[in-house]
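A.B. asks: Here it is, the structure, as structure tokens.
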Amino acid sequence: MSIKNDKWIRRMAEQHKMIEPFAPHLVSRCDERSIISYGTSSYGYDVRCADEFKIFTNINSAIVDPKQFDSKSFVDVQSDVCIIPPNSFALARTIEYFRIPRDVLTICLGKSTYARCGIIVNVTPLEPEWEGHVTLEFSNTTPLPAKIYAHEGVAQLLFLQADDVCETSYKDRKGKYQGQTGVTLPRA
């Protein structure tokens, strides 16, 4: 299994629509101001966060149960920024829509800019032949409110190509998050 470089990422995005919309180079400025970078890097792709957020709240004193998740545990926010309460979390989604090839596994890592502020991003691997918007989870590990910026880089995806094609892909087994759009809550 090998990690794929910028040339491969560009080719797959342009010829196979692996990433849409796609930035072929790293973008770190917009309208003459610095932003948290997004786009193609040496061995990965830095994704952007859309302006749709679900901020966790405990106003209903609900129990968090992944098998019976109560959507009332979130407050929906549409904004260029998301303020995550102390020791809480928020869900968001990527601007980019992904179509992962059958012989590729994609791993997501947080960006150091956010990690150095105590904001951790978590995404499970994007499996072979999965497609959709990536649902992002941001944990604020600090005792202070934390800010996430929409339309800027929030995480990096690494593409690992297998030596052999898998026998059963995510699409083959009809994975429950296949083709997801928007911020997707847990499904049991």
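Every residue gets a Cβ built from N, Cα and C, even glycine.
Copying in the features that Swiss-Prot gives for the protein in this structure:
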type	residues	note
ACT_SITE	Glu137	active site, proton donor/acceptor
BINDING	Lys111, Ser112, Thr113, Tyr114, Ala115, Arg116, Thr135, Leu136, Glu137, Gln156, Tyr170, Gln180	dCTP binding site
A.B. asks: Cα-Cα separation of Tyr170 (dCTP binding site) and Glu137 (active site, proton donor/acceptor), in Å?
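C.D. replies: So the alpha carbons of Tyr170 (dCTP binding site) and Glu137 (active site, proton donor/acceptor) sit roughly 21 Å from each other.
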A.B. asks: What's the longest C-alpha separation between any two of Lys111, Ser112, Thr113, Tyr114, Ala115, Arg116, Thr135, Leu136, Glu137, Gln156, Tyr170, Gln180, the listed dCTP-binding residues, in angstrom?
C.D. replies: 34
A.B. asks: When neighbour density is defined as the number of other C-beta atoms within 10 angstroms of a residue's C-beta, which of the binding-site residues Thr113, Thr135 has the lowest density?
C.D. replies: Thr113
A.B. asks: Give the number of CB atoms, excluding that of Glu137 (active site, proton donor/acceptor) itself, located within 10 Å of its CB.
C.D. replies: 16
A.B. asks: Between Glu137 (active site, proton donor/acceptor) and Ala115 (dCTP binding site), how many Å separate their Cα atoms?
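C.D. replies: Given the Cα positions, Glu137 (active site, proton donor/acceptor) is 13 Å from Ala115 (dCTP binding site).
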